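Colleague: Below, the features straight out of TrEMBL:
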- 841-858: compositional bias 'Low complexity' (COMPBIAS)
- 868-877: compositional bias 'Polar residues' (COMPBIAS)
- 945-959: compositional bias 'Low complexity' (COMPBIAS)
- 553-817: domain 'G-protein coupled receptors family 3 profile' (DOMAIN)
- 833-883: region 'Disordered' (REGION)
- 903-924: region 'Disordered' (REGION)
- 937-1000: region 'Disordered' (REGION)
- 553-575: transmembrane segment (TRANSMEM)
- 591-611: transmembrane segment (TRANSMEM)
- 623-645: transmembrane segment (TRANSMEM)
- 666-685: transmembrane segment (TRANSMEM)
- 711-733: transmembrane segment (TRANSMEM)
- 745-767: transmembrane segment (TRANSMEM)
- 773-795: transmembrane segment (TRANSMEM)
């Protein structure tokens, strides 16, 4: 088996020799002193490294015994004061443990394991290469930079690979990077182990593979991957193999092309190129490594005449690619002529364009030389030892050199300060390289595409020029290595049970949350006044809703309110213009004006519920509505109650007229309204309403509403209004049988029914709606109740005033009053007749059923039985007719009124004499200012007589109270009047009853 020769390792050896010779030839650095060296090959094994280490450690112990006087030491080898190497971290760890026991300084140029920074274990170890801890951090930064989160890791199974990949895992975990697989490799792994690792790589979905290994350890794995032609992977290389000639081979490029690796900062060594070109076996007779290099370079063998170097000087391997050769048979090689030229052969040995490890070797040698220089130039009293003493340069010992190395500070040939930190490390920067294929000769080039500055702040250390990167060696498109595709803006990562955190599902942000970046771990909550847009990528202001003037619903309500104001104003104008007509006077003109004013306030108060709620509108709208309605109901209540009391009272006196004067009426209205004002004042003082931004009803909408402050206060306000309405309804219902033209009770009853229906419906509607519809419901209730009051109470009067002026006369009022008196008297007569019939039946022993009877009246200006009269008489008489039904019979009452011919005295006397005289009457009955028919004691067939008092009509005309037309049915079944063929009625006091026929 032939192993590939390590040309780079031989170049590093040459760098050490070049530095030593340069120092020996320097007139300023260690003048008159000569440095020597001994070279041992570790063969990349711990046993060989320890064997070489023990050889010069033992020599140092012998020298410490001072045996010069006992033996001839002319051929004695001087003690070793420092060690340069080893290359691999694993070898350096073993050597450092041994050298640390004797405090012999060890300066490594390539061992970057972070374990070697432990000064408690490795007391004498120093290095000119940065710690791998920075490299692992840089690898994690690169993966994060390219937004990869799904990678695989491979590490050498030694003290270089294991600590490096462990540090990388720590950094990856902090950045949310998941590791799909993690494998260990070695150059000594058998084929089965290599096959198993390759199977894992082939089956993995990770596109990026992080490798912490040396070239020799990685080479068997890469060869198997090339054999299987596994492509499409991105390799992230540690410094140990990022520029390895064992891996960077054109035949491997289709697999490892586009590798991104870390390389040390390249240095400059003046004259080193020429030194490398001068190497020749004849010039280095005692250097067996040159002979072996020559044979491997030119594939020939040197004659055996040359003196073979001792085994201890045989060089096989270097760096962590220590994959050098053993001397196998040379039977198939031609002999070397010695005339070969090194410049004619392309080998890694002559690749001096980027001197990285070579420069570290050069720097390590110079570090030791400067430590010796410090000892040489030490001034007593300023030394590093006890009492400022200095070491003797002629008898210097290794531990003294170690002391000065730890305090070393010098300037390199590149002008950089060189000093070891407390851990014996040099902090350096990394170059980031990308593997390209040279178009000229097909070799692999290491293109620098960025750098990593260890000294910079976190987040500013990495710089990459993406335009220079060729992915997989040819593509400009950056690959993706994620377990799951990045979640787009508006979504977040959702954990999948049993999977790594990098394997997730994209979950859409909830309503009210957003994410404006890809691959977000969580969604952000929108501010209180904002809501997420449709894609959940940003927050937009919430829609603000209130009952606006400009929306169709608000416009419609406003138009209805304005219509109500207009109609109320129109009615008020009509009443003002016709204020002296009987209809207007009879409806209590002054209270009607106040009632119309209150309706104007009711319609106007609804407008406060429309528009953007503000504190002042919220505080004004409910009191305005409550006080306006209470004022309206109070006016209706006082009107209805007054009419009822007038008609039910006995003969009115001056005390009655004084008690029911206008002042008292307005006082009662004021007192009823004042109670509501007190409720509103208490409400506004204790819990004033205010505008409120409601975010809770709907997520995307802010409802601008009025917070009522106290629902109890609102309940008291509406409840008091309903209480007055209920009392008003009671009085209106009770006064439903008063004179038709005077009595408004039927329409007031209807208006109160409408009021109750509206506000009873309002309660569930108010409780079940929200937002702007709360105000709309209340506006609708206010308008409906207001229109009900206006239409029921005033529209019929306006109709009579404008379209039926014939009914707007004083005769119509008198007729209505007289008819009411007759009906009351007839009803009383029926009751008396019923009692008399029952008594006579009980005395006579007969039984029978009494048919039901009803009384109805209807005004009419035409006589069904006209009597011829002259034109003058027609002009002087006006009248009306009332029809009263008794069971199966009908009585038609005709009332005619003669013109008073401007005789005021006669009119006043007529008012007091307005009564009915009953012929053959035994007695007369006055009751409740109404006409009471008296039952005659005569046998059946005799005409009964009636007598009526005119005080009721007189009192009504004086009070100015009028009632609307109505028809009343008798509430109870009463027996019919006695049978008669005809009845005569005579009226006095300016009017007379005409004869009417009664049919039974």
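Each residue, glycine too, has its Cβ placed from N, Cα and C.
Annotations in TrEMBL come from automatic prediction, not curation.
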Colleague: Check the transmembrane segment (773-795) against the transmembrane segment (591-611) for contact, please; criterion is three or more CB pairs under 8 Å, pairs 6 or more apart in sequence.
Modeller: yes
Colleague: The transmembrane segment (591-611): which same-chain residues, six or more beyond its ends, come within Cβ distance under 8 Å?
Modeller: 546-549, 554, 557-558, 561, 564-565, 568-569, 571-572, 575-576, 584, 617, 620-621, 624-625, 627-629, 631-632, 635-636, 638-639, 665-666, 669, 775-776, 778-779, 782-783, 785-786, 789-790, 793-794
Colleague: Looking at the transmembrane segment (711-733) and the transmembrane segment (623-645), are there 3+ C-beta pairs under 8 A, with each pair at least 6 apart in sequence?
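Modeller: Contact confirmed: at least 3 Cβ pairs fall under 8 Å.
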Colleague: Mark yes when the transmembrane segment (666-685) and the transmembrane segment (623-645) have three or more Cβ pairs under 8 Å (sequence separation 6 or more) and no when they do not.
Modeller: yes
